[in-house]
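Listed in Swiss-Prot:
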BINDING   125, 148-151, 214-216, 220, 267-270, 450, 461-462  substrate binding site
BINDING   144, 146, 368  Mg(2+) binding site
BINDING   144, 305, 364-373, 375, 398-401, 425, 452, 458  ATP binding site
MOD_RES   2  N-acetylalanine
MOD_RES   415  phosphoserine
């Protein structure tokens, strides 16, 4: 995609002045992170990295991503309710991947005891890149779906004003008017509020499971503030706090510090290093409760790479979403090529394909949080090591998406403004709420655009690679 900011990106003096104005506006709007030096304190903060200009995104692909989000919500919820599918899909993975196995063990314990919760809440973000087709036109391809701790809905609500400001400074008022309004935090809070309401106790609270060191706290506060505006109170606690002060009564109602909890919202618990033995016990306690969990353990498992790969098999979508051929077609149109690495002929063929053309593939473990995927020579070495080992079942292989690079200027604290070749990743936030078997809410609630220099193969904003951006529809 060509950029219409080309001439602006060549004027170094103008860029420096614009960058100063943009940073000041970002700080004024609350596009903030705590510093890496003081991740537990808000005494000193910095702006979150962002692009100086919004990046061009084809309107048709933006509309397609929005149109399919409610289908993805339904699909995740269908996987959540299909214990047999989850068990069959993850059977080889849990033998080789300890983290997935621990999550699945909690899932089995909860099923055996009987699921206490009647309200189910999903706050998802489906991420896409724009694949360059052979004829040069871009196509929407899903990278992953995040079913736990899908972040930046708060900060993404604050960046449109920054880009409108930059374009207004340049007297580009018509262009400024094309920046889409975007407020994911409001929509995410609506989902939490609906789950809280259905829980049915006006004195109950929302519990946000937080990390001790949380640089991205302002993103979370945006959702907390939306809830407080509805007179719904949020308490922030760590897994360690739950171990010490969490309990269930005989009806499996959850209490923390003596206060009843209606909804548990996880902003922690998606990576192995976030769990001590004590934390695993706390997670089990939360899962056994009748509070609505966002996500519950089955929904977290539904977001694994292995489930994503299995959903791409012929017939799987039809089995999970019977009688919904239009939804199935919309979903399938976004799938990239995904391959199992389970032991056997199918896995052997996938490895042979990747070794023959490594630039076309990416090797993905069952991990969230960014920066875990393997590319190029690293992938080749890993596949050679894994080729004859059952450990390979803990990975999947995915066809690499190759977007058309474009120029933009990246702004980061402590670094000069940098004009580089970039690629973008578009995320769409989705919310659904189910009460027992009845779906009471299913909607898309906003978007997130992240952009990074092309030399970075993997990693998001939190991993220090990508920066916040806005789509400029063309």
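Using the three backbone atoms N, Cα and C, a Cβ is placed for every residue, glycine included.
Mapped onto this structure are the features recorded in Swiss-Prot.
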residue : record                 : Cβ neighbours (10 Å)
125     : substrate binding site : 26
144     : Mg(2+) binding site    : 19
146     : Mg(2+) binding site    : 21
220     : substrate binding site : 21
268     : substrate binding site : 20
365     : ATP binding site       : 18
375     : ATP binding site       : 15
400     : ATP binding site       : 22
415     : phosphoserine          : 9
452     : ATP binding site       : 24
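Cα spacing between residue 270 (substrate binding site) and residue 146 (Mg(2+) binding site): 10 Å, rounded to the nearest whole number. Taking the centre of the Cβ atoms of 144, 146, 368 as the Mg(2+) site, the nearby residues of that chain (Cβ within 8 Å, site residues left out) are 125, 127, 145, 147, 148, 150, 270, 303. Each residue contributes its Cα atom, and for residue 215 (substrate binding site) and residue 452 (ATP binding site) those atoms are 20 Å apart. Looking only at other Cβ atoms within 10 Å, the busiest spot among the binding-site residues 149, 151 turns out to be 149. The two recorded residues, residue 125 (substrate binding site) and residue 368 (Mg(2+) binding site), have Cα atoms 13 Å apart. Taking a C-beta cut-off of under 8 angstroms and a sequence separation of 6 or more, residue 368 (Mg(2+) binding site) has the following same-chain neighbours: 146, 148, 149, 270, 271, 303. Around residue 270 (substrate binding site), a 10 Å sphere centred on its CB holds 21 further CB atoms from the protein chains shown.
Rounded to a whole value, the Cα-Cα separation of residue 400 (ATP binding site) and residue 144 (Mg(2+) binding site) is 12 Å. Taking the Cα atom of each, residue 151 (substrate binding site) and residue 144 (Mg(2+) binding site) are about 14 angstrom apart. Over all protein chains present, the Cβ of residue 215 (substrate binding site) has 19 other Cβ atoms lying within 10 Å. Taking the Cα atom of each, the residue listed as 'phosphoserine' and residue 268 (substrate binding site) are about 29 angstrom apart. Residue 220 (substrate binding site) and residue 375 (ATP binding site) have their C-alpha atoms 32 Å apart, to the nearest angstrom.
Using a 10 Å Cα-Cα cut-off from residue 144 (Mg(2+) binding site), none of the binding-site residues among 268, 365, 375, 452 qualify.
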